[in-house]
């Protein structure tokens, strides 16, 4: 099976450590030594700066050097104030928290907003203000919508290689699993605008012996306005499939949360090769670690359904971050590290793309909604419950799923081609590998991790048991219910 010819198109059409029980460790993370959240602001700031960054070029004036030193000192003070403010909120000392936040806002005025640190600190300060003053609408910037809009998602798609990494790794695993099958069915847990599927349809159209009959079931929320986004996306995909001669059928299913899916909604047909696809969705089904174990968690309900239907492949991409801990200070500090790296990488990407600064700025709304959810939400009100790869491996294995290792050649090559085809290959992005899993990293800090799984009867020839250790030699850098169905394309309407 060949590789999918990926390109970044416009919007059209820990190391050496092991876990017990044979489950590989996650990508590198800070050790949990009980004092991990007594953060040295200098250490935090240093971790956010790309290696080798110099204060000023030799030809710069002394004033420029001093200005940079002042900004770095202000940034260190700012990080300290934000973390201290969060600790005061957790302790219930709201007067101290208000004072810390007021001083932080004054420092933000002297930090360049063109830097990743300046931008991310602004969003975290706004989120802390929203948490401190929820009953006073004019005291803090308005909170973003709980869920990202389609427009925000599209700008995030354009702002960097994050979604392209997710789509390319998942599509390659699906393509491999479908090899030799003449009827294939993909269930996408979050269809959004369907940006993932044109490249898969194109690859299937080039398959030796002709393309298979492809069916895509797209999951999405119930429409809130006059438009029917699922149907519109289905029509666009059908038109694209028709242009390539791929027999195609689309079905839209509306559920407000994925644990509301039922087997009958998916219209599984015997003999079809089945694939489930989840791009940054499973973490929304998690609950607090200390939740009542007698109540089935939404994630367990969905994974039970996946296991029951025995797919040939189940592709999962999640944020490689640790934001599902109840203590606010711990959660805040982890999020500050993660999103500082995200914003730094996004700024670098925007600096090398035409109109990139505008796209980068618009894409911030997507990440801002995540930051507000992590900082302001508690209990059932919190949806952005990101966890590290090691915990996902444990959870998926307990559900009866077996990891399918990403191939050492095809997927790494495809992902390397994806990044090298953009303007980001020399700007600090890299692909990390751990026991058959892949991560998109910024200066070796993993941002998103991709894995593939199958059920016991899924029939994937590529499955294997993951190794217990990191493979350093494998690391490679590279610059409420269903709705009636409707079909489009070469197949009859169902």
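Note that Cβ sites are derived from N, Cα and C of the backbone, with glycine treated the same way.
Just so you know, TrEMBL annotations never went through curation; they're auto-generated.
Residues annotated as region 'VHIID' in TrEMBL: 153-218. Under the heading motif 'VHIID', TrEMBL lists 184-188. Annotation source TrEMBL lists region 'Leucine repeat II (LRII)' at 232-264. Residues or ranges marked as motif 'LXXLL motif' in TrEMBL: 282-286. Residues or ranges marked as region 'SAW' by TrEMBL: 376-454.
Break the motif 'VHIID' (184-188) down by DSSP state and the numbers are 0 helix, 5 strand, 0 coil. Long-range contacts of the motif 'LXXLL motif' (282-286) within its own chain (CB-CB distance under 8 A, at least 6 residues past either end) are made by residues 257-259, 297-299, 301-302, 316, 318-319, 324, 383-387, 392.
Across the motif 'LXXLL motif' (282-286), DSSP classifies residues as 4 helix, 0 strand, 1 coil. Assigned with DSSP, the residues of the region 'Leucine repeat II (LRII)' (232-264) fall into helix, strand and coil as follows: 18 helix, 7 strand, 8 coil.
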